[in-house]
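According to TrEMBL, the protein carries these features:
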- 1-106: region 'Disordered' (REGION)
- 1-11: compositional bias 'Polar residues' (COMPBIAS)
- 77-88: compositional bias 'Polar residues' (COMPBIAS)
- His227: active site, nucleophile (ACT_SITE)
- Lys229, Lys457: substrate binding site (BINDING)
- His455: active site, proton donor/acceptor (ACT_SITE)
- Ser480: site 'Interaction with DNA' (SITE)
Amino acid sequence: IDKSNSMSQDSQHGRWTVSSSDDDDEHLPPSGTKTSGSHRPAESNHMTSLIIEVSDSAGWALSDSDEDDGDVKKKSVSNLPKQTPHSPNTKKPKVEKERPPSPHGRLYYIDEPEDFFESSIPCLNDTYRFYLNKVTGLDKKYNSGALHIRDILSPLFGTLKESVQFNYCFDIAWMVQQYPSEFRDRPVLIVHGDKREAKARLVQQAQPFPHVRFCQAKLDIAFGTHHTKMMLLWYEEGFRVIILTSNLIRADWYQKTQGMWMSPLFPRLPKGSSATAGESSTFFKRDLLEYLASYRAPELEEWIQRIKEHDLSEARVYLVGSTPGRYVGSDMERWGHLRLRKLLYDHTNPISGEEGWPVIGQFSSIGSMGLDKTKWLAGEFQRTLTTLGKSSIRPDPPVHLLYPSVEDVRMSLEGYPAGGSLPYSIQTAQKQLWLHSFFHRWKANSTGRSHAMPHIKTYMRASPDFTQLAWFLVTSANLSKAAWGALEKNNTQIMIRSYELGVLYVPSAFNMKTFPVDKNPFPVSSSSSGFPVPFDLPPTCYSSKDQPWIWNIPYSQAPDTHGNIWVPS
């Protein structure tokens, strides 16, 4: 990339400037500050800025970090002022490390038809309680049994009293609009990881909404993010937990593939119940309380108390969280990939011929893995993913990694701007070309979502014929050491940078030996015993022509589905 030269491009979607980082996967919303003047790269010892000029939206700029697992530090959304014409001689103020709620600009979105949202309790698969988000523009069949944020917060699921929103990226005004009018002024606590200017902007966004309060998550290790996405919903009728993959911004709920686990409605325990009452066979209650306690935040105390007063015994998933820190001894198995390893060791069973059972990882961002696969991926992380019960054999099964190719992004519903949520940088990619031989395309015809780029992250172990699963995980954690943790000090310590959260499905918790894969998950039927995997199995290998999407290099040879090209500086 020529750092001295900025290129620009026109399209119908708005003007924006961008940057990238080694390990970050989210939309960073704009500050709403309008800039005019000549574009130049962000100034810093190793930052370039990526710029796309379009015609009618917020300017945004971001920067790139070469450090291992560096994360783009984001800014937050406010109303976007109208475009000012730009004169070539005024200098553009420096705006670093910023991404918008969507590179599209406000005019891009079409309003969903009224029947897009649920007016009565939808037919849901309550065996697994795993759901995809609705995608605008799909055949209705593929949204039947999928959920939009407006569905989740609707009175169909409970009479809301208070809620907590844990997330990475927020558009507060948009978020407030998603609550039904009758609950719109009920207290909301926002748990975020923003610091300094980004935090100030977030607080400013909430000025018009006195019912919105904040809790800042402690991020004491460099390049960590508060990446967890969870809703705690307290109702007159009880309590519900939703663990999901979407940011609280419109672009994430529009034309991307996202997923969630939505808990049953947990009823209140009888007064005077014991401290351990209402526990599930998966110890979900204990683990959720432990995760919340890890924030050491006074604002969460009343929620910890509330959860203790509810019966969570119906939960059938295991919680897999990451929380920043360096852990030794028995604490090493509390978080990150060693937590997943322990759960797979304790709650799955060896399978004959398991060396033929491939591991599948699917994600929307990729961190720095080291100079070869043994450094982390095929070393500690693969060892976790291939754990099956207490089997002593350590086979090397195939590893399939799913990440969109350039062509997948180009032909998507959003076109190239979908790549703004797939921030794999050229700086990271060039250091790990060995990784690309593991890559498989994003194809999701079974769920109608081949053209809805994935922001969901899933990991699983499939049978050689891809009809059964040994386990399935949906999580916020991308393919990075920052998210999953990396062993240090001769494997006596694990270091984790970020907050992440996911849920693990194991067949034993459902009285099954394996999960059958549902080949036709839509329209959803409440009785299906098949697991609705979000993409097509078996995965499709990259051909020799396919390249992984890298977000800070140009794609100007072929236009996308909106007639645009992608031209970074």
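Every residue, even glycine, has its Cβ placed from backbone N, Cα and C.
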Inset, instruction - Among the active-site residues listed here (His227, His455), identify the one with the smallest other-Cβ count within 10 Å. - result: His455
Inset, instruction - May I ask for the distance between Ser480 (site 'Interaction with DNA') and the residue listed as 'active site, nucleophile', taken between their Cα atoms and rounded to an integer number of Å? - result: 12
Inset, instruction - Please work out the number of neighbouring Cβ atoms within 10 Å of the Cβ of Ser480 (site 'Interaction with DNA'), leaving out its own Cβ. - result: 30
Inset, instruction - Round to the nearest Å and give the CA-to-CA distance linking the residue listed as 'active site, nucleophile' with His455 (active site, proton donor/acceptor). - result: 13
